[in-house]
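A.B. asks: If you scroll down you'll find the structure; I have some questions about it.
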Amino acid sequence: FAVAFAAPIDDEDDKIVGGYECRKNSASYQASLQSGYHFCGGSLISSTWVVSAAHCYKSRIQVRLGEHNIAVNEGTEQFIDSVKVIMHPSYNSRNLDNDIMLIKLSKPASLNSYVSTVALPSSCASSGTRCLVSGWGNLSGSSSNYPDTLRCLDLPILSSSSCNSAYPGQITSNMFCAGFMEGGKDSCQGDSGGPVVCNGQLQGVVSWGYGCAQRNKPGVYTKVCNYRSWISSTMSSN
């Protein structure tokens, strides 16, 4: 049993398979988490806070905002170091329950047309909702092929029955599945921690899966709507 995404990119991380290159700066809330290299994604939810996955934890992270091609300087980037990295207190590294983390930036990001925040969910999203996942993760489920430019994939939230049948006994109430049971399109290594945005709200964080884009093995995402109170209380107390 191989968990594909449940490690930052230097081990085995998560990436977009079967997607397309995002329109430049169209996902302006997307962050690249770096420690000398890109290892996970994140989402800017305020000028000073980024949401990612707890399995992406490092004590010191450089957050890169306004990025499209992470290999070159495009003039729109903001590089800001973390001052606090806060894993969810109930994160379970064995089953990846509560796979969510907050990063406080050392200074506020400047919000503009290249760097913007994404709204937290006003309510949970129902199955069938169409969403956008993005990241710089692996383009292939079978080999290593990491893109320089941000990739996007439109995908639906799957029913909890489909999710539970794909991963019996492994899906908690803090997870949901999204993608395509027939395979071929999925997030993958290097996408971990990145956004799943539905109707302008951050509903998911890229968490784990079995391989990438495999038949009957959709991607599994942290259910952000369950964490609104933890996010707001953590931000206000830090």
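A Cβ is built for glycine as well, from the same backbone N, Cα and C atoms used for every other residue.
This is the feature table in Swiss-Prot:
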SIGNAL    1-7  signal peptide
DOMAIN    16-236  domain 'Peptidase S1'
DISULFID  CYS22-CYS152  disulfide bond
DISULFID  CYS40-CYS56  disulfide bond
ACT_SITE  HIS55  active site, charge relay system
BINDING   GLU67, ASN69, VAL72, GLU77  Ca(2+) binding site
ACT_SITE  ASP99  active site, charge relay system
DISULFID  CYS124-CYS225  disulfide bond
DISULFID  CYS131-CYS198  disulfide bond
DISULFID  CYS163-CYS177  disulfide bond
DISULFID  CYS188-CYS212  disulfide bond
ACT_SITE  SER192  active site, charge relay system
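What does the local environment look like for each feature on the list?
C.D. replies: For the domain 'Peptidase S1' (16-236), the model's average pLDDT works out to 97.
Less than 8 angstroms from the CB of CYS152 (disulfide bond) sit ILE16, GLY19, TYR20, GLU21, CYS22, SER26, ALA27, LEU132, VAL133, SER134, each of them six or more residues away in the same chain. DSSP assigns CYS152 (disulfide bond) to a strand.
DSSP assigns CYS40 (disulfide bond) to a strand segment in the three-state reduction. Summarising the environment of CYS40 (disulfide bond), the number of other Cβ atoms within 10 Å of its Cβ, over all protein chains shown, is 34.
In the three-state DSSP reading, HIS55 (active site, charge relay system) counts as helix.
Following the DSSP three-state reduction, the secondary structure of ASN69 (Ca(2+) binding site) is strand. Counting every protein chain shown, the number of other Cβ atoms lying within 10 Å of the Cβ of ASN69 (Ca(2+) binding site) is 15.
If you draw a 10 Å sphere around the CB of ASP99 (active site, charge relay system), it holds 31 other CB atoms from the protein chains shown.
All protein chains considered, the CB of CYS124 (disulfide bond) has 16 other CB atoms within 10 Å.
Counting Cβ atoms from all protein chains shown, CYS198 (disulfide bond) has 22 others lying within 10 Å of its own Cβ.
Listed in sequence order, ILE157, LEU158, SER162, CYS163, ALA166, TYR167, ILE171, PRO218, GLY219, VAL220, TYR221 are the same-chain residues six or more apart from CYS177 (disulfide bond) with CB atoms under 8 A from its CB.
In the structure as shown, the Cβ atom of SER192 (active site, charge relay system) sits within 10 Å of 33 other Cβ atoms.
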A.B. asks: Round to a whole number and give the Cα-to-Cα distance in Å for the pair SER192 (active site, charge relay system) and CYS40 (disulfide bond).
C.D. replies: 5
A.B. asks: Of the recorded positions listed here (ASN69, VAL72, GLU77, ASP99), which is spatially closest to CYS56 (disulfide bond) when Cα positions are compared?
C.D. replies: ASP99
A.B. asks: Which of these disulfide-bonded residues is closest to ASN69 (Ca(2+) binding site) if you go by CA atoms: CYS131, CYS188, CYS198, CYS225?
C.D. replies: CYS188
